(Lines of atoms letter the chains of each structure in order from A and count residues from 1; the text may use other names and numbers.)
(Lines give C-alpha, C1' and ligand atoms only; values in the text may rest on other atoms or scores of the structure.)
Protein backbone atom coordinates (compact mmCIF):
# COMPACT_ATOMS: atom_id res chain seq x y z
CA UNK A 1 0.00 0.00 0.00
CA UNK A 2 1.46 3.39 -0.94
CA UNK A 3 2.23 5.82 1.83
CA UNK A 4 1.01 9.42 1.58
CA UNK A 5 1.78 12.78 3.16
CA UNK A 6 -0.40 15.85 3.44
CA UNK A 7 1.02 19.30 4.18
CA UNK A 8 -1.60 21.98 4.78
CA UNK A 9 0.71 24.36 6.60
CA UNK A 10 1.19 28.13 6.40
CA UNK A 11 -2.22 28.59 4.77
CA UNK A 12 -3.99 30.87 7.28
CA UNK A 13 -6.68 28.22 7.72
CA UNK A 14 -9.08 29.21 10.52
CA UNK A 15 -11.20 26.06 10.60
CA UNK A 16 -11.32 22.56 9.20
CA UNK A 17 -14.19 20.16 8.60
CA UNK A 18 -14.32 16.89 10.54
CA UNK A 19 -14.64 15.17 7.15
CA UNK A 20 -11.64 16.92 5.55
CA UNK A 21 -9.38 13.86 5.86
CA UNK A 22 -11.99 11.18 5.22
CA UNK A 23 -10.80 8.49 2.84
CA UNK A 24 -7.07 9.17 3.30
CA UNK A 25 -6.51 5.78 4.93
CA UNK A 26 -2.88 5.50 3.78
CA UNK A 27 -1.89 8.92 5.18
CA UNK A 28 1.32 8.74 7.24
CA UNK A 29 2.42 12.37 7.63
CA UNK A 30 0.05 15.26 8.28
CA UNK A 31 1.00 18.88 8.88
CA UNK A 32 -1.50 21.57 9.89
CA UNK A 33 1.26 23.75 11.31
CA UNK A 34 1.30 27.54 11.30
CA UNK A 35 -2.36 28.15 10.56
CA UNK A 36 -5.06 30.04 12.46
CA UNK A 37 -6.74 26.99 14.01
CA UNK A 38 -8.15 27.60 17.47
CA UNK A 39 -9.61 24.10 17.78
CA UNK A 40 -9.97 20.86 15.84
CA UNK A 41 -13.23 18.95 15.33
CA UNK A 42 -13.67 15.68 17.17
CA UNK A 43 -13.13 12.58 14.98
CA UNK A 44 -10.92 14.53 12.53
CA UNK A 45 -8.40 11.66 12.59
CA UNK A 46 -10.92 8.79 12.62
CA UNK A 47 -9.88 5.98 10.30
CA UNK A 48 -6.30 7.28 9.85
CA UNK A 49 -4.66 4.16 11.29
CA UNK A 50 -1.38 4.60 9.39
CA UNK A 51 -0.44 8.03 10.76
CA UNK A 52 3.11 8.20 12.09
CA UNK A 53 3.57 11.95 12.44
CA UNK A 54 1.20 14.89 13.03
CA UNK A 55 2.38 18.49 13.24
CA UNK A 56 -0.03 20.95 14.86
CA UNK A 57 2.51 23.56 15.99
CA UNK A 58 2.08 27.26 15.38
CA UNK A 59 -1.70 27.37 15.82
CA UNK A 60 -3.45 29.62 18.39
CA UNK A 61 -5.27 26.76 20.11
CA UNK A 62 -7.89 27.65 22.73
CA UNK A 63 -7.30 24.98 25.36
CA UNK A 64 -10.89 24.60 26.51
CA UNK A 65 -13.34 21.71 26.40
CA UNK A 66 -13.32 21.67 22.59
CA UNK A 67 -9.72 20.45 22.66
CA UNK A 68 -10.24 17.78 25.33
CA UNK A 69 -10.69 15.00 22.79
CA UNK A 70 -7.30 15.85 21.28
CA UNK A 71 -5.57 15.62 24.67
CA UNK A 72 -7.16 12.19 25.17
CA UNK A 73 -6.24 11.05 21.64
CA UNK A 74 -2.53 11.97 21.73
CA UNK A 75 -1.37 9.30 24.24
CA UNK A 76 -3.53 6.66 22.54
CA UNK A 77 -2.23 7.07 18.97
CA UNK A 78 0.86 5.31 17.61
CA UNK A 79 2.29 8.49 16.12
CA UNK A 80 4.49 11.41 17.12
CA UNK A 81 2.45 14.57 17.56
CA UNK A 82 3.86 18.10 17.61
CA UNK A 83 1.23 20.05 19.51
CA UNK A 84 2.54 23.54 20.16
CA UNK A 85 1.26 25.82 22.92
CA UNK A 86 -2.06 27.20 24.11
CA UNK A 87 -3.05 30.72 23.09
CA UNK A 88 -5.84 30.77 25.68
CA UNK A 89 -7.63 30.87 27.98
CA UNK A 90 -5.44 33.21 30.02
CA UNK A 91 -4.82 30.66 32.79
CA UNK A 92 -3.31 28.21 30.27
CA UNK A 93 -1.66 30.62 27.81
CA UNK A 94 1.80 29.50 26.59
CA UNK A 95 1.49 26.07 28.14
CA UNK A 96 2.42 23.09 25.99
CA UNK A 97 -0.63 21.08 24.96
CA UNK A 98 1.07 17.79 25.74
CA UNK A 99 1.68 18.97 29.32
CA UNK A 100 -2.03 19.47 30.01
CA UNK A 101 -3.86 16.89 32.15
CA UNK A 102 -7.26 15.93 30.65
CA UNK A 103 -8.53 15.11 34.17
CA UNK A 104 -8.39 18.79 35.11
CA UNK A 105 -10.87 19.75 32.38
CA UNK A 106 -14.46 20.14 33.62
CA UNK A 107 -16.39 19.46 30.45
CA UNK A 108 -19.56 17.93 31.83
CA UNK A 109 -22.40 20.26 32.76
CA UNK A 110 -25.90 19.68 34.04
CA UNK A 111 -29.11 21.62 33.61
CA UNK A 112 -32.54 21.42 35.23
CA UNK A 113 -35.26 22.52 32.80
CA UNK A 114 -39.00 22.78 33.37
CA UNK A 115 -40.98 19.68 32.42
CA UNK A 116 -44.49 19.69 33.96
CA UNK A 117 -46.77 21.53 36.39
CA UNK A 118 -49.02 19.75 38.90
CA UNK A 119 -51.91 21.94 40.07
CA UNK A 120 -52.60 22.79 43.73
CA UNK A 121 -50.04 23.84 46.31
CA UNK A 122 -48.13 21.28 48.39
CA UNK A 123 -46.06 21.20 51.55
CA UNK A 124 -44.28 17.89 50.98
CA UNK A 125 -43.20 15.55 48.22
CA UNK A 126 -41.95 11.99 48.79
CA UNK A 127 -40.72 9.37 46.28
CA UNK A 128 -41.29 5.63 46.63
CA UNK A 129 -41.21 2.49 44.51
CA UNK A 130 -44.11 0.05 44.57
CA UNK A 131 -44.11 -3.20 42.61
CA UNK A 132 -41.10 -1.97 40.66
CA UNK A 133 -42.79 1.26 39.55
CA UNK A 134 -41.66 4.71 40.73
CA UNK A 135 -44.23 6.95 42.40
CA UNK A 136 -44.37 10.35 44.06
CA UNK A 137 -46.80 11.42 46.77
CA UNK A 138 -47.65 15.08 47.41
CA UNK A 139 -49.02 16.51 50.66
CA UNK A 140 -51.63 19.06 49.48
CA UNK A 141 -53.18 20.79 52.53
CA UNK A 142 -55.53 23.17 50.69
CA UNK A 143 -56.85 20.39 48.47
CA UNK A 144 -57.11 18.24 51.63
CA UNK A 145 -55.37 15.18 50.24
CA UNK A 146 -52.30 13.05 49.73
CA UNK A 147 -51.96 12.79 45.96
CA UNK A 148 -50.05 9.83 44.49
CA UNK A 149 -48.53 10.35 41.04
CA UNK A 150 -47.34 7.65 38.64
CA UNK A 151 -45.58 7.77 35.27
CA UNK A 152 -47.81 7.52 32.22
CA UNK A 153 -45.76 5.59 29.64
CA UNK A 154 -48.12 6.56 26.81
CA UNK A 155 -48.28 10.30 27.48
CA UNK A 156 -44.69 10.45 28.81
CA UNK A 157 -45.65 12.54 31.80
CA UNK A 158 -46.82 12.13 35.40
CA UNK A 159 -50.50 11.50 36.13
CA UNK A 160 -52.60 11.14 39.30
CA UNK A 161 -53.00 7.51 40.34
CA UNK A 162 -54.78 7.75 43.69
CA UNK A 163 -55.71 10.37 46.25
CA UNK A 164 -56.36 10.05 49.97
CA UNK A 165 -58.61 12.40 51.88
CA UNK A 166 -56.44 14.24 54.40
CA UNK A 167 -57.65 17.76 55.30
CA UNK A 168 -54.91 20.11 56.55
CA UNK A 169 -52.23 17.53 55.78
CA UNK A 170 -48.59 18.60 56.29
CA UNK A 171 -46.76 15.36 55.44
CA UNK A 172 -47.53 12.15 53.53
CA UNK A 173 -44.89 9.53 54.33
CA UNK A 174 -44.87 6.22 52.38
CA UNK A 175 -43.52 2.86 53.55
CA UNK A 176 -43.36 -0.23 51.32
CA UNK A 177 -43.11 -3.67 52.95
CA UNK A 178 -43.20 -6.28 50.19
CA UNK A 179 -46.68 -6.18 48.58
CA UNK A 180 -48.03 -3.86 51.30
CA UNK A 181 -48.01 -0.09 51.09
CA UNK A 182 -48.46 2.10 54.16
CA UNK A 183 -48.87 5.85 54.12
CA UNK A 184 -48.75 8.10 57.17
CA UNK A 185 -50.79 11.29 56.77
CA UNK A 186 -49.76 13.86 59.40
CA UNK A 187 -52.57 16.42 59.77
CA UNK A 188 -52.91 19.69 61.64
CA UNK A 189 -56.55 19.26 62.56
CA UNK A 190 -58.58 16.10 62.98
CA UNK A 191 -55.77 13.73 63.85
CA UNK A 192 -53.02 11.95 61.93
CA UNK A 193 -53.83 8.67 60.21
CA UNK A 194 -52.20 5.55 58.84
CA UNK A 195 -53.46 4.26 55.50
CA UNK A 196 -52.68 0.80 54.15
CA UNK A 197 -52.88 -1.16 50.90
CA UNK A 198 -52.69 -4.92 51.54
CA UNK A 199 -51.55 -5.77 48.02
CA UNK A 200 -51.39 -4.80 44.33
CA UNK A 201 -54.65 -3.84 42.67
CA UNK A 202 -56.23 -2.68 45.93
CA UNK A 203 -56.86 0.85 47.11
CA UNK A 204 -55.41 2.48 50.18
CA UNK A 205 -57.78 2.67 53.15
CA UNK A 206 -57.46 4.30 56.59
CA UNK A 207 -56.57 1.73 59.25
CA UNK A 208 -55.44 3.62 62.35
CA UNK A 209 -55.59 6.95 64.16
CA UNK A 210 -52.07 7.81 65.32
CA UNK A 211 -51.39 9.05 68.89
CA UNK A 212 -54.26 11.58 68.94
CA UNK A 213 -53.31 12.92 72.42
CA UNK A 214 -49.65 13.48 71.53
CA UNK A 215 -49.76 14.76 67.94
CA UNK A 216 -51.67 18.01 68.19
CA UNK A 217 -49.88 20.12 65.59
CA UNK A 218 -47.58 17.99 63.42
CA UNK A 219 -45.04 19.80 61.27
CA UNK A 220 -42.95 16.98 59.76
CA UNK A 221 -42.73 13.19 59.57
CA UNK A 222 -39.77 10.94 58.82
CA UNK A 223 -39.29 7.20 58.31
CA UNK A 224 -36.44 5.36 60.01
CA UNK A 225 -35.44 1.78 60.80
CA UNK A 226 -34.55 0.83 64.37
CA UNK A 227 -33.41 -2.66 65.38
CA UNK A 228 -34.71 -4.00 62.07
CA UNK A 229 -38.19 -2.52 62.47
CA UNK A 230 -39.77 0.42 60.61
CA UNK A 231 -40.69 3.48 62.68
CA UNK A 232 -42.06 6.95 62.02
CA UNK A 233 -41.09 10.03 63.95
CA UNK A 234 -43.76 12.72 63.82
CA UNK A 235 -42.63 16.21 64.79
CA UNK A 236 -45.09 18.26 66.84
CA UNK A 237 -44.86 22.05 66.93
CA UNK A 238 -47.40 22.72 69.71
CA UNK A 239 -46.55 23.39 73.34
CA UNK A 240 -49.07 20.84 74.55
CA UNK A 241 -48.04 18.04 72.19
CA UNK A 242 -44.76 16.20 71.78
CA UNK A 243 -42.63 14.82 68.99
CA UNK A 244 -43.41 11.09 68.98
CA UNK A 245 -41.64 7.95 67.82
CA UNK A 246 -44.13 5.42 66.42
CA UNK A 247 -42.91 1.88 65.78
CA UNK A 248 -44.60 -1.09 64.16
CA UNK A 249 -46.34 -3.55 66.44
CA UNK A 250 -48.55 -6.11 64.76
CA UNK A 251 -50.78 -4.46 62.15
CA UNK A 252 -50.20 -0.86 63.28
CA UNK A 253 -47.76 1.76 64.54
CA UNK A 254 -47.83 2.74 68.21
CA UNK A 255 -45.97 5.28 70.38
CA UNK A 256 -42.57 4.02 71.53
CA UNK A 257 -41.18 7.26 72.94
CA UNK A 258 -42.01 10.93 73.40
CA UNK A 259 -39.18 13.26 72.52
CA UNK A 260 -38.41 16.89 73.18
CA UNK A 261 -41.57 17.79 75.08
CA UNK A 262 -42.46 21.52 75.20
CA UNK A 263 -39.89 22.57 72.61
CA UNK A 264 -42.24 23.19 69.62
CA UNK A 265 -40.24 21.13 67.16
CA UNK A 266 -40.30 22.02 63.47
CA UNK A 267 -38.29 19.27 61.75
CA UNK A 268 -36.70 15.83 62.17
CA UNK A 269 -33.85 14.22 60.25
CA UNK A 270 -32.83 10.57 60.60
CA UNK A 271 -29.18 9.78 59.92
CA UNK A 272 -26.44 7.29 60.78
CA UNK A 273 -23.27 8.35 62.59
CA UNK A 274 -20.53 6.05 63.85
CA UNK A 275 -22.57 3.05 62.69
CA UNK A 276 -25.56 3.92 64.91
CA UNK A 277 -28.99 5.48 64.21
CA UNK A 278 -29.27 9.14 65.15
CA UNK A 279 -32.08 11.64 65.10
CA UNK A 280 -31.71 15.40 64.73
CA UNK A 281 -34.57 17.63 65.91
CA UNK A 282 -34.89 21.31 65.04
CA UNK A 283 -37.22 23.48 67.10
CA UNK A 284 -38.43 27.04 67.48
CA UNK A 285 -37.09 27.32 71.03
CA UNK A 286 -33.47 26.12 70.93
CA UNK A 287 -30.58 24.91 68.79
CA UNK A 288 -30.97 21.58 66.95
CA UNK A 289 -30.48 18.60 69.25
CA UNK A 290 -28.82 15.33 68.20
CA UNK A 291 -30.09 12.06 69.72
CA UNK A 292 -28.54 8.59 69.38
CA UNK A 293 -30.26 5.21 69.63
CA UNK A 294 -29.21 3.26 72.72
CA UNK A 295 -30.95 0.61 74.76
CA UNK A 296 -34.14 0.69 72.72
CA UNK A 297 -34.67 4.46 72.96
CA UNK A 298 -33.25 7.77 71.80
CA UNK A 299 -30.92 9.54 74.22
CA UNK A 300 -29.69 13.10 73.88
CA UNK A 301 -26.09 13.21 72.61
CA UNK A 302 -25.33 16.88 71.90
CA UNK A 303 -26.66 20.00 70.27
CA UNK A 304 -25.40 21.88 67.21
CA UNK A 305 -23.22 24.83 68.26
CA UNK A 306 -23.68 28.27 66.71
CA UNK A 307 -26.92 27.18 65.04
CA UNK A 308 -29.68 29.44 66.33
CA UNK A 309 -33.05 29.87 64.59
CA UNK A 310 -32.71 26.72 62.48
CA UNK A 311 -36.00 25.69 60.89
CA UNK A 312 -34.97 22.39 59.31
CA UNK A 313 -31.96 20.10 58.80
CA UNK A 314 -31.03 17.63 56.05
CA UNK A 315 -27.89 15.56 55.63
CA UNK A 316 -25.90 13.94 52.83
CA UNK A 317 -22.78 11.82 52.48
CA UNK A 318 -19.77 12.24 50.24
CA UNK A 319 -17.40 9.33 50.70
CA UNK A 320 -16.76 9.00 54.43
CA UNK A 321 -17.84 12.58 55.16
CA UNK A 322 -21.26 13.46 56.56
CA UNK A 323 -22.56 16.94 55.77
CA UNK A 324 -25.50 18.81 57.24
CA UNK A 325 -27.62 21.47 55.52
CA UNK A 326 -29.34 23.75 58.03
CA UNK A 327 -32.19 25.98 56.85
CA UNK A 328 -32.62 29.43 58.38
CA UNK A 329 -35.45 31.77 57.38
CA UNK A 330 -33.63 34.79 58.78
CA UNK A 331 -29.87 35.00 58.40
CA UNK A 332 -27.55 32.66 56.53
CA UNK A 333 -28.24 28.98 56.03
CA UNK A 334 -25.35 26.71 56.99
CA UNK A 335 -23.38 23.73 55.76
CA UNK A 336 -21.66 21.68 58.45
CA UNK A 337 -19.47 18.58 58.47
CA UNK A 338 -19.23 15.83 61.10
CA UNK A 339 -15.78 15.63 62.71
CA UNK A 340 -16.41 12.45 64.71
CA UNK A 341 -17.90 14.12 67.76
CA UNK A 342 -19.59 17.31 66.56
CA UNK A 343 -20.94 19.05 63.48
CA UNK A 344 -18.60 21.95 62.62
CA UNK A 345 -19.43 24.97 60.47
CA UNK A 346 -18.09 24.70 56.93
CA UNK A 347 -20.00 27.25 54.86
CA UNK A 348 -22.56 30.08 55.14
CA UNK A 349 -25.04 30.81 52.35
CA UNK A 350 -27.31 33.88 52.18
CA UNK A 351 -30.87 32.59 52.43
CA UNK A 352 -33.40 35.20 53.50
CA UNK A 353 -36.87 33.66 53.28
CA UNK A 354 -35.71 30.02 53.15
CA UNK A 355 -37.80 27.13 54.50
CA UNK A 356 -35.95 24.34 52.72
CA UNK A 357 -32.30 23.52 52.01
CA UNK A 358 -32.49 20.05 50.46
CA UNK A 359 -29.46 17.98 49.39
CA UNK A 360 -29.92 15.19 46.87
CA UNK A 361 -27.76 12.96 44.68
CA UNK A 362 -28.83 13.04 41.02
CA UNK A 363 -26.76 10.82 38.74
CA UNK A 364 -23.15 11.64 39.68
CA UNK A 365 -23.89 15.06 41.10
CA UNK A 366 -24.32 15.92 44.75
CA UNK A 367 -26.71 18.85 44.62
CA UNK A 368 -28.38 21.00 47.25
CA UNK A 369 -31.36 23.24 46.55
CA UNK A 370 -31.92 26.35 48.63
CA UNK A 371 -35.53 27.47 48.30
CA UNK A 372 -36.60 31.05 48.93
CA UNK A 373 -39.87 32.90 49.42
CA UNK A 374 -38.38 36.15 48.14
CA UNK A 375 -35.99 35.22 45.33
CA UNK A 376 -35.23 32.49 42.80
CA UNK A 377 -34.40 29.14 44.36
CA UNK A 378 -30.73 28.26 43.95
CA UNK A 379 -29.26 24.94 42.84
CA UNK A 380 -25.78 24.30 44.23
CA UNK A 381 -23.34 21.49 43.47
CA UNK A 382 -20.67 20.01 45.72
CA UNK A 383 -17.21 20.59 44.28
CA UNK A 384 -15.17 17.58 45.46
CA UNK A 385 -11.83 19.41 45.21
CA UNK A 386 -13.02 22.16 47.55
CA UNK A 387 -15.53 20.25 49.66
CA UNK A 388 -17.90 23.22 49.27
CA UNK A 389 -21.25 23.85 47.60
CA UNK A 390 -20.93 26.13 44.57
CA UNK A 391 -23.80 27.87 42.67
CA UNK A 392 -24.96 25.97 39.60
CA UNK A 393 -28.21 27.58 38.41
CA UNK A 394 -31.47 29.22 39.44
CA UNK A 395 -34.70 27.24 39.16
CA UNK A 396 -37.19 28.77 36.77
CA UNK A 397 -38.96 29.95 34.85
CA UNK A 398 -41.57 29.31 35.98
CA UNK A 399 -40.47 30.73 39.33
CA UNK A 400 -41.22 28.69 42.43
CA UNK A 401 -43.68 30.38 44.78
CA UNK A 402 -42.80 29.64 48.43
CA UNK A 403 -41.05 26.27 47.90
CA UNK A 404 -41.26 23.88 50.85
CA UNK A 405 -39.81 20.55 49.67
CA UNK A 406 -37.76 19.01 46.85
CA UNK A 407 -37.39 15.38 45.80
CA UNK A 408 -35.77 13.41 42.98
CA UNK A 409 -37.30 10.54 40.99
CA UNK A 410 -35.78 8.42 38.21
CA UNK A 411 -38.05 7.00 35.51
CA UNK A 412 -36.91 4.86 32.54
CA UNK A 413 -33.49 6.46 32.37
CA UNK A 414 -34.78 10.00 32.89
CA UNK A 415 -34.33 11.99 36.08
CA UNK A 416 -36.80 14.49 37.50
CA UNK A 417 -36.82 17.04 40.29
CA UNK A 418 -40.12 17.80 42.05
CA UNK A 419 -40.57 21.15 43.80
CA UNK A 420 -43.52 21.40 46.21
CA UNK A 421 -44.70 24.99 46.70
CA UNK A 422 -46.93 26.37 49.45
CA UNK A 423 -48.32 29.32 47.46
CA UNK A 424 -48.22 27.91 43.96
CA UNK A 425 -48.39 24.65 42.00
CA UNK A 426 -45.81 21.90 42.21
CA UNK A 427 -43.25 22.20 39.41
CA UNK A 428 -41.35 19.30 37.86
CA UNK A 429 -37.94 19.79 36.24
CA UNK A 430 -35.95 17.35 34.12
CA UNK A 431 -32.24 16.78 34.74
CA UNK A 432 -30.04 16.93 31.63
CA UNK A 433 -26.34 16.12 31.28
CA UNK A 434 -24.43 18.23 28.75
CA UNK A 435 -21.07 17.31 27.18
CA UNK A 436 -19.26 20.59 26.57
CA UNK A 437 -16.49 18.83 24.67
CA UNK A 438 -18.86 17.62 21.94
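Glycine is treated like the rest: Cβ placed from N, Cα and C.
A TrEMBL annotation is a machine prediction, not a hand-curated record.
As the structure is a computational prediction, the values presented were derived from the model and not from experiment.
What TrEMBL annotates here:
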type: DOMAIN; residues: 59-108; note: domain 'LRRCT'
type: REPEAT; residues: 111-153; note: repeat 'EAR'
type: REPEAT; residues: 157-199; note: repeat 'EAR'
type: REPEAT; residues: 252-295; note: repeat 'EAR'
type: REPEAT; residues: 297-340; note: repeat 'EAR'
type: REPEAT; residues: 342-384; note: repeat 'EAR'
type: REPEAT; residues: 388-433; note: repeat 'EAR'
> Where among 111-153, 157-199, 252-295, 297-340 do we find the most Cβ pairs under 8 Å to the repeat 'EAR' (388-433)?
Replying inline: 111-153
> What residues in the same chain, six or more past the boundaries of the repeat 'EAR' (111-153), come closer than 8 Å to it by Cβ-Cβ distance?
Replying inline: 159-176, 179, 181, 183, 185, 188, 195, 200, 379, 393, 395-398, 404-412, 416-432, 434
> Which residue counts does DSSP yield for the repeat 'EAR' (111-153) in the helix, strand and coil classes, in that order?
Replying inline: 0 helix, 31 strand, 12 coil
>> For the repeat 'EAR' (252-295), give me same-chain residues lying six or more residues beyond its boundaries with a C-beta closer than 8 angstroms to one of its C-beta atoms, as numbers and ranges.
In response: 184, 194, 207-208, 210-211, 214, 219-226, 231-233, 235-239, 242-246, 301-305, 307-308, 310-315, 322, 324, 326, 338, 340, 343
>> Quick test of the contact rule: Cβ under 8 Å, at least six residues beyond the ends. What residues does that give for the repeat 'EAR' (342-384)?
In response: 110, 112, 290, 302, 304-306, 311-312, 314-316, 318, 323-336, 390-396, 399-400, 402-408, 415, 417, 419, 422, 431, 433
> Any residues 6+ beyond the ends of the repeat 'EAR' (297-340) with a Cβ under 8 Å from its own?
Replying inline: 220, 245, 256-257, 259, 266-267, 269, 271, 273-274, 278-280, 282, 286-291, 346-361, 366, 368, 370, 382, 384, 387-389
>> As a quick check of your reading of DSSP, tell me how many residues in the domain 'LRRCT' (59-108) are helical, how many are strand and how many are coil.
In response: 21 helix, 11 strand, 18 coil
> Under DSSP, the repeat 'EAR' (157-199) has how many residues in helix, strand and coil?
Replying inline: 0 helix, 32 strand, 11 coil
